[in-house]
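Chemist: Here it is: the structure, laid out below.
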Amino acid sequence: MAYRQNHDPYYGGQHQNAYPEYPQHAAPAVDYPPVQPAGGFAQPHPQEYDAQSAWDAKSTKSYETGYASSQAHLNPQYEMSQVSLHNAPPLPTMPYAQGNYPPHQRPGMTRDQSSAGWSTAKDKLMKRRSVRKVALQQGNLVLDMPVPSGIVPAGQEKNEEMSTMRYTAATCDPDEFMRSKYSLRPYLYGRKTELFIVMTMYNEDEILFTKTMNAVIKNIAHLCSRSKSKTWGSEGWKKVVVCVVSDGRNKVNKRTLQVLTLMGCYQEGIAKDSVAGKDVTAHIFEYTSNVVVTETGEVSQGGCPVQIIFCLKEQNKKKLNSHRWFFNAFGPLIQPNVCVLLDVGTKPTGTSIYELWKCFDKHANVGGACGEICVDTGRGCSLILKSPLAASQNFEYKMSNILDKPLESVFGYISVLPGAFSAYRYKALQNGPDGKGPLASYFKGEDLHGGGADGAGLFERNMYLAEDRILCFEIVTKKREGWVLKYVKSAKAATDCPTSVPEFISQRRRWLNGSMFASIHATIFWFRIWTSGQNFFRKCWLQIEFIYNAVQLFFSWTSLANFYLAFFFLVSSATSDSSDAFNFLSKGAGADVFEVFLKLYIALLFVVLVCSLGNRPQGSKWTYSVCMVLFGICNVITLWCAGYTVYMAVPHSVSGWEHIGSLIENNKAFREIVISLVATYGLYFIASFMHFEPWHMFTSFIQYMFLLPSYVNILMMYAMCNLHDVTWGTKGDNGSSKDLGGAKKIKDDAGNEMMELELPSAREDVDQLWAASRSALRYKPAEEKEHRDAATKQSDHDRNSRTNVVLAWVGTNMLMIVVFTSEAFLTWVNEHIETTADSTFNPYLTFLFFALAGLSAIRFFGSAMYLLLRLIGH
């Protein structure tokens, strides 16, 4: 208990005085009649789990552990009370796990029949449930349910940690979890947790989930394989807890639940939506699993056990609320040393989590760290070869990891540790005695965006769209504590990137708005670094970084103008004389090309502005796509003119290069353009080769350059035009679905409070549903395209129609202005229309004057006819 006394923030004096009876007994266990195992490990498929890929290069071999011959180290005060609820004779085993099940079916029928098999098994389990009376655990509903017999390791049938799944129905807010006397197994076992890993998900499918979960399991196996480590070793899995938080019971992917069922971390028919009249806020399932599941339902035994907490939130309250369950509900009980944050869909390499942990272990002043996040390019880089959008993001990610993150790591302050893959020291996250601190600031955004904070301005609400940036700033500037943030290049993780234009624009809207205002916030409060616990030299070093960030912020704010001015001056200088850059088209064609593309650039800015003010990207994806292509062509013209200017400025003979010093000194155009290009694109190549990662320069550089104007003009324009939108793009639930049934509080004959609820009554039903889940995953469901609901579709149509009318109206008028003020038209007038010596004649002006005179004459004629008709009596 010494560790808990020293680290538990809820501990007051003697722990027993805070909660005299908390917790003294285990949850009531529910026994099923014994049946023979369904053969869960009869046909292991380790080759499915150990398949090598580009991201598994650093994975380690599995190891043999001795956990199978040892019992869990239980808290002496923790006892399992076995309550037999069913004494029926054993039932025959269902043949789901046999190799010939399900039988071969016609191609068109496989998916439907597998789904029907799972639904049938679930319906059978639900119908055969019976009403049971269960004792309360500290006034809460907590159950220990036997897991499917096929996943219990040999020799562990009597070890409750690996033979039963613990279910807790939480009816409180995350901040009140420990005060409401809820508990978790690692706390009850008295284990010291070194790593607490959270995987947040919304509606990700089984493919993304297994990709992340299996990578985490492989990392834990690597920790256990480090037999010479003082911290890790064969029993290292007891120091790691994996927490999966799903945002909304009605949003979670059903096939992902089937994967969790196969792992023993979820069971149908147990969860309740109310307990004693209180609505359940989260369903918490705990199990130490030895199972590795692939996306196709192949089951094999893992290299080590994994302590898993699956928190299924009843309502969809977004990612920040999921992290609040992790940090504020489970953290005070688990008391970890290091917390690792992962998004489902992110795949760390086999040693990445260890590399992050080692950074904290070696440097006591590290409060947070992140690894290198790269785009999952697919097999053989297939994604970046067929998707220019993915390739451009791959280049952007790589250059950020080569240039930006190392620079910030040297200073000690990384502006953002990506939530998809990062780690924090739990101690550094804690608030101060006044309740203010990193976590308080981090979760402030949940109130702002949930409507719980009155008077919050648009600036503040946008700032908290980048809550991870706020968290980093708060850690480094925490009073009287000298925390720094580090970048760990050896910790790598692959993640999916948007491959469609609407999804890409929507994602960057949140990123750009949040990062812009969070950077302004950090710049304004730069002086807080001088009240932190950093040493004097570190404070000076950080002060330099804040000045650098302020300059970067200025150029980000003026990026739209800077990009246009660069285009204007480069193209105009290359087309200003007779030997222009487009003489290969025709003599003097450069002036016409410059005029056309200059006005095209302005027109594109106007189109993007109009679309950004009123349209969702999903409703104007073709408009945005066309604008991206045209902006890319404008950039091609710009780069061609820049290259031509340099070519014309340099000597065209070997002897001319003998005096390169005087050439740079005297030739201003050569000096400025070459220095600018070499300082940007040249450094890209040099830095990439320095880090031994040059491949993105050959596979993604061209795509990035083509789409670079869109990053500035389209993404920034859309973000600034939608500052009022402070959502993450998902709608939260206002209520919970009452479809699980409730637990009713009653009293037994002795007057003790009990819970009356329906529970599965036959072990065979649980085994059958487990096997049916395995079979269902073998067949991929038909891909369902995302369809907008009728109201959204109509709204998008109306907005798009409005935008088209505005563009047609303004576009027609602008076209007339462009045509009749163009050099081509004026030249034609000078050559074909007679002019007088005392005036400049313009035929359009004449047309306009005579047209107005004619229209006025017609109006006058109508008025005169009206008076005439009145005079003659009509």
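Backbone N, Cα and C atoms are what each Cβ position is placed from, and that goes for glycine too.
Quick paste of what TrEMBL says about this protein:
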REGION    1-20  region 'Disordered'
REGION    36-57  region 'Disordered'
REGION    85-122  region 'Disordered'
DOMAIN    130-194  domain 'Chitin synthase N-terminal'
TRANSMEM  511-530  transmembrane segment
TRANSMEM  551-576  transmembrane segment
TRANSMEM  596-614  transmembrane segment
TRANSMEM  626-649  transmembrane segment
TRANSMEM  669-689  transmembrane segment
TRANSMEM  806-829  transmembrane segment
TRANSMEM  841-869  transmembrane segment
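Give me the lay of the land around each of these features.
Modeler: Across all of the domain 'Chitin synthase N-terminal' (130-194), the predicted model scores a mean pLDDT of 90.
Counting residues 6+ beyond its ends, the transmembrane segment (511-530) has Cβ neighbours under 8 Å at 415-416, 459-460, 462-467, 469-470, 473, 476-477, 539, 542-543, 546, 549-550, 552-553, 556-557, 715-716, 719-720, 722-723, 726 in the same chain.
Here the transmembrane segment (596-614) has long-range neighbours at 564, 567-568, 571, 620, 623-624, 627, 630-631, 633-634, 637, 713-714, 717-718, 720-722, 799, 802-803, 806-807, 810-811, 814, 818, meaning same-chain residues at least 6 beyond its ends whose C-beta is under 8 angstroms from one of its own.
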Chemist: Sequence-remote contacts (6 or more beyond its ends) of the transmembrane segment (626-649), Cβ cut-off under 8 Å?
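Modeler: That would be 501, 566-567, 570-571, 573-575, 579, 581, 593, 597, 600-601, 604, 607-608, 667, 669-670, 673-674, 677, 705-710, 713-714.
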